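According to TrEMBL, the protein has these features:
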type	residues	note
DOMAIN	78-158	domain 'Ig-like'
DOMAIN	172-267	domain 'Fibronectin type-III'
DOMAIN	292-386	domain 'Fibronectin type-III'
DOMAIN	397-492	domain 'Fibronectin type-III'
DOMAIN	496-590	domain 'Fibronectin type-III'
DOMAIN	597-696	domain 'Fibronectin type-III'
DOMAIN	682-781	domain 'Ig-like'
DOMAIN	1008-1103	domain 'Ig-like'
Amino acid sequence: MHSLEIKNCDFFDTAQYCVSALNVKGEYSSVATVVVKRFQEGDEAGPLDPKPHGFCSEHGVTFETTIIDKFEVAFGSEGETLSLGCTVIIYPTVKKYQPEVVWYRDSVPLKPSKWVHTHWSGERATLTLIHLNKEDEGMYTMRVNTKSGFDTYSAYVFVRDADLEVEGVPVAPLDVRCHDANKDYVVVTWKQPAVEGSSAILGYYIDRCEVGTHHWAQCNESPVKYARFPVTGLVEGRSYVFRVRALNKAGVSRPSRVSEPVVAMDPSDRARLRGEKHTTVLLTQLGVVPGEPTDVVVTEATKSYVVLAWKPPGQRGHEGVMYYIEKCISGTDTWQRVNTGMPVKSPRFALFDLAEGKSYSFRVRCCNSAGVGEASVSTGEITDKFHNIWVYYLPSAPGNPVAIRNTDTSVVVSWGASKDVKHLVGYYIECSEVGTDAWVPCNNKPVKKTRFVCHGLTTGTNYVFRVKAVNAAGYSQSSPNSDAVVVQAAISLPGKPTGVTLLEAAKDYMVLAWTAPAKNGGADIRGYFVDYRTVKGDVVGKWHEMNHQALTTAENLKENVFYQFQVRAMNMAGVSKASLASAVLECKEWTITVPGAPVGLHVLEVRDTSVVVLWESPAFNGRTAVNGYYLDIKEASAGEKGWKAVHEKVNKLKYMKVTGLKAGASYVFRVRAQNLAGVGKPSAVLGPILAQTRPGTKEIYVDVDDDGVISMIFECSEMSEGSEFIWSKNYKAMTDTSRLTIVTEGGKSRAIFNSPSMEDLGTFSCMVTNTDGISSSYTLTEEGLKRLLDISHDHKFPVIPFKNEMAMELLEKGRVRFWTQVEKCTSACQVEYVFNDVIVTQGKSTGIIEMFMDSLEVTDEGTFTFNLVDGKAKGTTSLVLIGDEFRELQKKSEFERAEWVRKQGPHFVEYLGFTVTEECNVLLKCKVRKVAVSFYKHPPFILFPPATSSSEIKVVSTEHGIILYSMVTYYNEELRVGWLHKDAKIAASERVKSGVTGEQLWLKINEPTEKDKGKYTMDIFDGKDGVKRSLNLTGNVWGEPAPEVCWIKNDRELVSDERYKLKFEHGKFASITIATVTTADSGKYALVVKNKYGTEAGEFTVSHFTPAHAGAPKQFK
């Protein structure tokens, strides 16, 4: 028994179905017509109505499916990973029962693979597409199957081409498939890409790779123009994958995604492997030459190749057969074998290299090991007159496209189908902004329908569209351009009102209220239709219209009768669906004392962590007026016990900003009114409200322009036709228009303060109508107002900032420079140079402002000022030169000028001076300019005798005794040399003699004895008496408490006596004076100070030498 089962059938399954049976004896067919009707009586369901659900007897419940957190239209690029997901709620929950979640692409079920991953967590269904390719583009549908029925949700996924490695080359082809696979033959097809590149596509290269290897081999030497190619030469039993590359003048594209693997094998063997029933009757005889093939036909032909097909012979011997193909040019009797090298195994063959324009006949011979059989019947001449049967032609251009507004980022495009086209692959749609020549593809995978929704467009932009068809032969000509269309949301029916509640009841009427639809369909709500019906127990009556507007009073009702009400909203597009029916309400006069429920709950400024809730006063106040409100909140998923108050103290306003929300969580709200009698019933529940900041949300910001005008600015990029900016203060309509001026241009609205003052303190809000609740607010505080007024004053009366105030600098020649520098200015900045309120001159500023005076006269005493003007900005800086300050500057200026005059001729830069070198040389030096230099020596010129510089005493032995000597740098006769032995002067004798030879001072000791042992000292002196030399050393000392002071020489403490005079004056100055300084006073000295906090020492070295001139100074410090 064979059967066809259609699951979850729809109206589209209405059709005529045919089943055929085929064997060697012939074929038999049977036809049946299937008509799908509605599953139940009643009004016909609309396309947006929920799918029918039925009772599940297995679990004893009716499952209701709700899909939330739905994925939207998605965009990805080749190579990326994209995830789609929805949250699915199944009610009621049955233990161990899970629904079936199936994903579809273009109505084809998706199977998990290395490219497709699906996941069901029990609450959320997720589809992940790994390494996107253009084949993944399409309409994705998630279907949830339960035991009571099913529910679906769909959205389109667009896949953009990856960035090109070489500019101008085509993008990769797509959807590579294998058909008609046989033992050594397969037909590879693909779809042309949407973008040909900088030039038209010249052809395609087909590559193959044997499964299990990484070696790709090109199947065709020259590019083929058709998106279809027969690949021959396969090895029987091996598996292959294929890919395709496109070629144009700029180069070769990236390879396409590889095809599914295909095995080169006989179709009957493949059927047996799949378990399909297949009956084959073989007439086998040993050593028999096979018979002739039958039904040799041309199955397809292009300008590049011809494909032949035939049926194997009935008599084929005990082994498989192979085939030789022969061709004959029309007008000749010569048959040529095409495959001379190797016979083919498949009953298919592609012939290449045929001469275009010539007619051919074809026939086939079978062969096996026993020999070659007879030729088949010839196909007859194949000429151009048959091309309309099997040759692919380019499709004709599609009909004129019509673009219609859809949403604020999409447009619906429809067009006429291409006429007389065979094997249509689909259509590509392109768009272009008006005023440009750049065409961008709207889809990267061809669509077969003549209607397509182009997404991802820029709101408010003008576009034109065109369409081109594609089949295996190539692209058609593009259709004419559509009329320009502005991308804006189309007007649609409003949503359903919600929260129908009773505000007040009397004997024969009831006052109702409801919440306006969340979406108004892009147009203002013009009014509402209210329906009512009576309820008696479980019996409900028919609905009747009242035809009144919002806050309707249902009159002429009957006392003590129960009623239900429903409401429909209306805009210019039509009437919405009815709201949910209200609770059953009894018409009887209220006697309660507390107020009724507040009405008109709605939200603004929905953000990740906050939301503003607003409401209106109840229609029924009770015995006394309403004096405040309480706002309650709970998470949408919490139970009734989850309600909690947002605030403790009563709120006298009719709005409140709720903060501290969890991003991504859903909340519901309700409000209760209070009067002196107590707190009334809560309002209808508002929500759920998702705490989430809309992408692209902008806030109100404050701007102060160059003229000092303070304004608040709000921008909206999702404006639709009829959208308006509505400003309010403290969430109330502004009646005093004298405070603000509203200026709106496109998607930007500016609220300008006419005269900012304390009256403007408060919260200013702005909402955009005909949008999904786009709104924002700004709170102006007293501190903020003062700050803005300061900024406004600075903008009205700007000041040029100075890096430094005016300064004065004395230059050479006695010139005086007055200067300053500004932080920034323009090239148009004007400067006035002012002295004692008189403008001296004018000029332009380059950043540094300066004025020069060659000299200062008595009349130049006063105030110097720079006045700057740069557009509206001004700046002033001054310097006052009067009194002693001016006279001191004038004196310095005159001195510098005199010095400059002096230096114009020969002059000393440094006067003559001297220094004594380490070699005891006297160095005379001076620095002069503009003159030759000569040195003169005159008495009484003072020279210090360098003889005091002597070498150490050395000892040498001679035949008579020893000689002690020292070398001096210079020697003159005025010097006296004395020798000492053990600090006693040596007297000259025949045995001991001293003298001078050149610059050598010597002492000879003949025949030395034990008494001559000891220390020898040589003393050099000038021999002049009466000159006393002293040394004074002074140090500054400080500390708290006052320190103790002592002096140390060569690590021994000094005491004050006739030779050393030690002083410590005023607690600050410590000094030591050494009278009659000699060489013995040379050594290491230190000034040591100490108190209870520590000790410090200042060390220095004293070296003594004797000047040769009697007039030398007597004291050195």
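Keep in mind that glycine also has a Cβ here, set from the backbone N, Cα and C atoms.
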Run the contact check on the domain 'Fibronectin type-III' (292-386) against the domain 'Fibronectin type-III' (397-492): 3 or more C-beta pairs under 8 Å, excluding pairs closer than 6 in sequence. no
Please spell out the DSSP helix, strand and coil residue counts for the domain 'Ig-like' (682-781). 3 helix, 47 strand, 50 coil
Stretch winning on C-beta pairs under 8 A with the domain 'Fibronectin type-III' (172-267) (pool: 78-158, 397-492, 496-590, 597-696) is 397-492
Mind pulling out the one from 397-492, 496-590, 597-696 with the most Cβ pairs under 8 angstroms to the domain 'Ig-like' (78-158)? 397-492
Give me the mean pLDDT over the domain 'Fibronectin type-III' (172-267), rounded to a whole number. 91
